[in-house]
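Scroll down for the structure; my scribbles are underneath it.
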Amino acid sequence: MALVTSVFQERRSTRSIITNSIVWAVLFLLPYINFLYEPEKWADANKGYLVMQGLSTLFLMVFFYLNLHVLGPRYLSKNRNWLFVSVIFLGLLMYIALNYYSFLHFIASSADFIENQSKRAPEDRSENWIWIPTILGPTLLYSINILTSTMLYLFNERSRQKELNQLVELEKTAAELSMLKLQISPHFLFNTLNNIRWLVRKKSDLSEEAILKLSEILRYIIYEVGDKKVDISREIEHLKNYIELQKLRLPKKGNVAFTVQDNLGSVSIQPLLFIHFVENAFKYGVDSKSDPDIQFEISTADNTLTFSSRNKILVTSSNLSNEGIGLVNIKRRLELLYPNRYELAINNDSEYFEVIMKLQLHED
């Protein structure tokens, strides 16, 4: 997940750099576009005006990114609005001063400007109009520039906060899933160790086989089960190992069957979703006085994987609270891993306990 997020952010950053470069390049070149069509006018061009436009655009660009990457994060995000407004206003004064100086130095002192002014009637030589190119125009451009960069900062900050919230939610979900797995695995391990202890006490030759089965089970849980899906064949093998381990202590009579549909194909699922019900089937479907009747089945059809468990109830629960916690954990994992893509039906008629779980393998 972190790798996908990093790649996405890198691509978005590259796109942003290219877009910004194009926009500012166009703004810098705008005063020169006219000369592309009439290059002979370049000799008569007011070079001072072009220099003034270049300096103006450069100042706007510097303050655009200063506001976007420094002023916004340092002042706006911390509600230091007066400092933000003060720095922005100081920037406006600097921009007006730059334009005023550039106008006087590059334009008002040029021969063309002086000649044009000398041709005007004395009554038309009012100096009041100078505030338009040196104050009004720069103020308008600067305001648009700051407004645009501020809105972009707020948009980026909102997007960043949204992504951060999503990442936090994913981290919480991952932590919750890990905790749910930890709550399942110890219970499973304790049951298995009790079975092996029972075989050792009987001095059964099957104890060695049981230890080998347990090692396979632990290898799967520790080294293969993680945040990613596993192939259905590995999950089936894990269930078979557990079932075979349980059958070692059962009487030869009775029925314990695990039916797997042929040609399941390449199916990947989240691990350890079925083991809870397999454990319970043996926990409440086996005693020393009656023959067990336990059946498991896995099949697929129409993009749906179906797991079913059915056992004759031979032992009544002495600790319903623990069983309720286990079922709550399974349901919570299903809600997190297969939201709106699973069905879980449980039927308890006091003689048989039946579970049917259906998982939609691919989102529509």
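Just so you know, the numbers here start at 1 and follow the chain as drawn.
Even glycines carry a Cβ here, placed using N, Cα and C.
What TrEMBL records for 175-252 is domain 'Signal transduction histidine kinase internal region'. If you look up TrEMBL, you'll see 17-37, 49-70, 82-108, 128-155 marked as transmembrane segment.
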Positions on the same chain near the transmembrane segment (128-155), where near means CB under 8 A and six or more residues out: 56, 60, 63-65, 67-68, 72-73, 76, 88, 91-92, 95-96, 98-100, 103
For the domain 'Signal transduction histidine kinase internal region' (175-252), the mean pLDDT of the predicted model: 78
